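Annotated features in TrEMBL:
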type: BINDING; residues: A:Glu192, A:Arg238, A:His468, A:Arg508; note: L-aspartate binding site
type: BINDING; residues: A:Arg238, A:Asp239, A:Glu240, A:Gln247, A:Glu501, A:Gly553, A:Leu554, A:Asp555, A:Arg556; note: ATP binding site
type: DOMAIN; residues: A:159-574; note: domain 'Aminoacyl-transfer RNA synthetases class-II family profile'
type: REGION; residues: A:216-219; note: region 'Aspartate'
type: SITE; residues: A:His49; note: site 'Important for tRNA non-discrimination'
type: SITE; residues: A:Gly100; note: site 'Important for tRNA non-discrimination'
Protein chains: 2
Amino acid sequence: MVRKASIEFRITRSETTTMMRSHYCGQLNESLEGQEVTLCGWVHRRRDHGGVIFLDIRDREGLAQVVFDPDRAETFAAADRVRSEYVVKITGKVRLRPAGAGNANMASGMIEVLGYELEVLNEAETPPFPLNEYSDVGEETRLRYRFIDLRRPEMAEKLRLRSRMTTSIRRYLDENGFLDVETPILTRATPEGARDYLVPSRTHAGSFFALPQSPQLFKQLLMVAGFDRYYQIAKCFRDEDLRADRQPEFTQIDIETSFLDEKDIMGLTEGMIRNLFKEVLDLEFGEFPHMTFEEAMRRYGSDKPDLRNPLELVDVADQLKEVEFKVFSGPANDPKCRIAALRVPGGASMPRKQIDDYTKFVGIYGAKGLAYIKVNERAKGVEGLQSPIVKNIPEANLNVILDRVGAVDGDIVFFGADKAKIVSEALGALRIKLGHDLNLLTCEWAPMWVVDFPMFEENDDGSFTALHHPFTAPKCSPEELEANPASALSRAYDMVLNGTELGGGSIRIHRKEMQQAVFRLLGISEAEQEEKFGFLLDALKYGAPPHGGLAFGLDRLVMLMTGAQSIREVIAFPKTQSAACVMTQAPGLVDAKALRELHIRLREQPKAE
Amino acid sequence: MVRKASIEFRITRSETTTMMRSHYCGQLNESLEGQEVTLCGWVHRRRDHGGVIFLDIRDREGLAQVVFDPDRAETFAAADRVRSEYVVKITGKVRLRPAGAGNANMASGMIEVLGYELEVLNEAETPPFPLNEYSDVGEETRLRYRFIDLRRPEMAEKLRLRSRMTTSIRRYLDENGFLDVETPILTRATPEGARDYLVPSRTHAGSFFALPQSPQLFKQLLMVAGFDRYYQIAKCFRDEDLRADRQPEFTQIDIETSFLDEKDIMGLTEGMIRNLFKEVLDLEFGEFPHMTFEEAMRRYGSDKPDLRNPLELVDVADQLKEVEFKVFSGPANDPKCRIAALRVPGGASMPRKQIDDYTKFVGIYGAKGLAYIKVNERAKGVEGLQSPIVKNIPEANLNVILDRVGAVDGDIVFFGADKAKIVSEALGALRIKLGHDLNLLTCEWAPMWVVDFPMFEENDDGSFTALHHPFTAPKCSPEELEANPASALSRAYDMVLNGTELGGGSIRIHRKEMQQAVFRLLGISEAEQEEKFGFLLDALKYGAPPHGGLAFGLDRLVMLMTGAQSIREVIAFPKTQSAACVMTQAPGLVDAKALRELHIRLREQPKAE
């Protein structure tokens, strides 16, 4: 997946330099034939063959084979003593490998080094898992010995790509006039909605700092301060139960601009991502398609559709309003429901067992069943269809539905009929699963923008929750917003790649009256506004410019670009799913004096470990 | 102080762009004469003069003068309504100012814009302090309204320079093969010695994360993992009482390398700083001088000497061993004491009051007095000296002392005689003070290296404290170290600029036996070693390479390079001296449920505010 980067720097030896190595192992090649080199690295593999010793030496840039022959008795004896993962310094002469002995899988595979001198810089006990052959090691062990796990080239390469990615991103943003500004880590509780990590204050008894869930308000304040274009690759924190792609601390590419509208901001940041893929993976993307939230939900059942997947949801409620079958006619006549069909080309051959599995799968999302029609031979009419539901639907309606989804012989069509949210989520997820199971993806990368999000989600009790965050600007005036909050659209935009939300942002509210209108709709009293957001309201009244921005999840972006299976693979020292570090054993116990200084006590004594 | 950076990016308007401005104010100049431009920014100043309205518009890049005349009645009326700090969008035509009306202090001072259209993007109440004239505002007010304070060009410029500095540093390190790797913020208590900020864990009742005082052990583990060259611009935390140049969170340029010795690392990082000054301030430094800790203490009474200052301490105890005056003979015969002289050229004219003030000043550092000799006329012998102490010292010794310090007529020579630590600190501080008071500095910048530090400080009870940190390698073997810890030197090095420690580092211990020897000397039991540093000892036994590095204090570096008086001037949102943010009012109270989830309770209820 990851293309090997060419190394863009060279080792320079100034006169005063006593640098130990002359070359990295991976840099050796035929052009150095006859030259004396000094390598430093780890013994990756050792073989004795025909009276000589072969050591594969590993460093950051790759492997090199060094040969020791008995002619140099002392060096040969030293080479004989080394074991896997010993740290060595070797001087020798580069020579071509004998014809037929080359290794095309190794950058230095056409040459070897005849070893003159070998110095053991450090010994190594046998590592807890081998590095020179594949072995299936549990993640707990790998995390405990992360300093060994990260020696594996495929792990190191991911972090290396991550470093190249941030370099590319920073360069792009610098060139576009963005200033890198650091915002505080010890701050006030942020209103992103997740649980904050709290830090007790020693100097203010009973008070706590919160670690930021994002630098959202600080970046807005930087716009009010006139910085015009800000970025930061910022650590953010959430004390939530962890899923596979979540970590207690994560990294955000945080961007904010003034005097630009959403089109400008999307253009600038799309350029950044396009430039990133070009520089790091040598991939060229065209302009990203834009899709409204409404269309994304309608066609893909998701606000982050994976456009590599050709399957689409098609609404068919209009054809089912009159049927006697309550499972359909109920939702068909309820404006809060939807009925959608999902045609799977060639799916008619699907065995019953597989359909049962998919039925269970959509159950996870609340769907009570998974109706289907196998289209065996449309020319035969209802006779040509195999389905538990066709008898309940008039043939005319059936034909409209099959025409609308484009069903041809050999297809299967799945149906969902329920609350709109359930149908979209269940069929949206089924669509993704089918795409992978049936190998339907049409391309490797499908970036896109989703726009025109609703301002609010309406809760069952009629109250509203901000779909993005409460600082997102609506597309209308404060009066229109308060008159019609449920249907108001926001000026938010999400960048989606392969069904994953890479980043999201919006034009922010820059006028105090609008901010207060949104707070009111969210049920935040004036007193609470003043207490929690007084400084923001102050900032909006002293000349806040129109502004907006975006934040990308860096870890997820690296995960996608390296093809990693988990976010933990692209973080040097990640936490486990229980938010702990098994290597350093954090979190740990602290002594009573420290707690006293922080004006806190434990609710109960921890058990002795 | 700060040179204005030329703006290296331009505003590009792609076809799809609806960017509001065409130019930044500070970018306008004569080359645009006759061209229509659109500006967005803040009304910095407004004047009515001769029937027309002048608005100075301010944005990130500078000011531009816009003229509105009554010919365009509607626009004129709009201009008439705007007030200071209104946010406006103005379209108009660039024209040369009338002869004699140019303003050479403004980049755009030779032109003005004739305003055609004016749109008020946001109104502004009268700011809490004016931005268009000097006003002495208390720091508390400035911090509370930081979003206004940062609009002042001198403030914005400091953060801008900071951003350019990190860009320069990153580029240099990238070009030299360093990988940017993030290390955790939620981690285990670090052994740097200061108090940690603690974060209660929700998932591990009774346990706490610590915020890192530095990524020290993580960067060493990255070397064990084979990353070879690491850097990070890393947030670090210390919960200590704050001095003028300290903040609870601060930023470190953190560097670690493998297979390099101290000379290599000093060369690489010196190159980074030299490159930084060249790129950002256009200043060229030669190679930095190296000085041993012993010499620095002897000549300057400090391990971070300010070499801009020509004054030097000169040891004279050997001349005072036999005198009857106990104040001198006591310290002269005690190996833990020193007697040093400090000659101040031309100081003989110093009035008594000033000498008394300096006597009080050295009292801060524990000196019990400040003996002096005014050298009025050396040719006259003792008669030509004015001093309360000359009668106590034989003339021959006096002459040796005066010759040794190079005293000539018109000088004053100060003396310190006490414990070596007190003399060095007191006369070292007096030296700095005299240098500033008497305007003696010989140059603007004096970078240097201090090397050959002792491994340990010996405490009064005979125990040892690591002078740097316990991972610093000594210059000797474990056996030699344990035999003679008090005199062992370390492989540490500090970079010093103008008497400030910019950064410090060392070659680290890479062998387990050595690390354990140092732990033993520091009185860390085997059990404690295992509990606190088990993962490090593990790492050292599985093939740790020779490695070392350095960390620079970024905030302090920015402070020096911008000429700021306080570290708070170079941080966007700093904390006050009581470790609080007066803008967001952090730290704040949290609700009982949050504390319950974290398994802690307050020691006492906070008072209602």
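Yeah, the Cβs are placed from backbone N, Cα and C, and that goes for glycine too.
DSSP assigns A:Arg238 (L-aspartate binding site) to coil in the three-state reduction, placing it in neither a helix nor a strand.
Same-chain neighbours of the region 'Aspartate' (A:216-219): 183-184, 187, 190, 192, 230, 232, 254, 256, 469, 471, 533, 535-536, 549, counting only residues six or more beyond its ends whose CB sits under 8 Å from a CB of the stretch.
Here the binding-site residues are A:Arg508, A:Arg556; the one with the fewest Cβ atoms within 10 Å of its Cβ is A:Arg556. Each residue contributes its Cα atom, and for A:Glu501 (ATP binding site) and A:His468 (L-aspartate binding site) those atoms are 13 Å apart. Of the recorded residues, A:Gly100 (site 'Important for tRNA non-discrimination') and A:Leu554 (ATP binding site) place their C-alpha atoms 45 Å from one another. Residues A:Arg238, A:Asp239, A:Glu240, A:Gln247, A:Glu501, A:Gly553, A:Leu554, A:Asp555, A:Arg556 are listed as the ATP binders, and the farthest two of them sit 20 Å apart at their Cα atoms. Fewest Cβ neighbours within 10 Å among the recorded positions A:His49, A:His468: that distinction goes to A:His49. There are 16 other Cβ atoms within 10 Å of the Cβ belonging to A:Glu501 (ATP binding site). Secondary structure at A:Leu554 (ATP binding site), as computed by DSSP, is helix.
When other Cβ atoms within 10 Å of the Cβ of A:Glu240 (ATP binding site) are tallied across all protein chains shown, the result is 13. The recorded positions under consideration are A:Gly100, A:Leu554. Their Cβ neighbour counts within 10 Å are lowest for A:Gly100. Considering only the recorded positions A:His49, A:Arg238, A:His468, A:Arg508, A:Leu554 (ATP binding site) has A:Arg238 as its nearest partner by CA-CA distance. Across the structure, A:His49 (site 'Important for tRNA non-discrimination') and A:Arg508 (L-aspartate binding site) are spaced 69 Å apart at their Cα atoms. Comparing CA positions across the binding-site residues A:Arg238, A:His468, A:Arg508, the one lying closest to A:Arg556 (ATP binding site) turns out to be A:Arg238.
A separation of roughly 18 Å, to the nearest angstrom, links the Cα atoms of A:His468 (L-aspartate binding site) and A:Glu240 (ATP binding site).
Rounded to the nearest whole angstrom, the C-alpha distance between A:Glu240 (ATP binding site) and A:Arg508 (L-aspartate binding site) is 26. For the region 'Aspartate' (A:216-219), DSSP puts the residue distribution at 4 helix, 0 strand, 0 coil. Across all of the domain 'Aminoacyl-transfer RNA synthetases class-II family profile' (A:159-574), the predicted model scores a mean pLDDT of 95.
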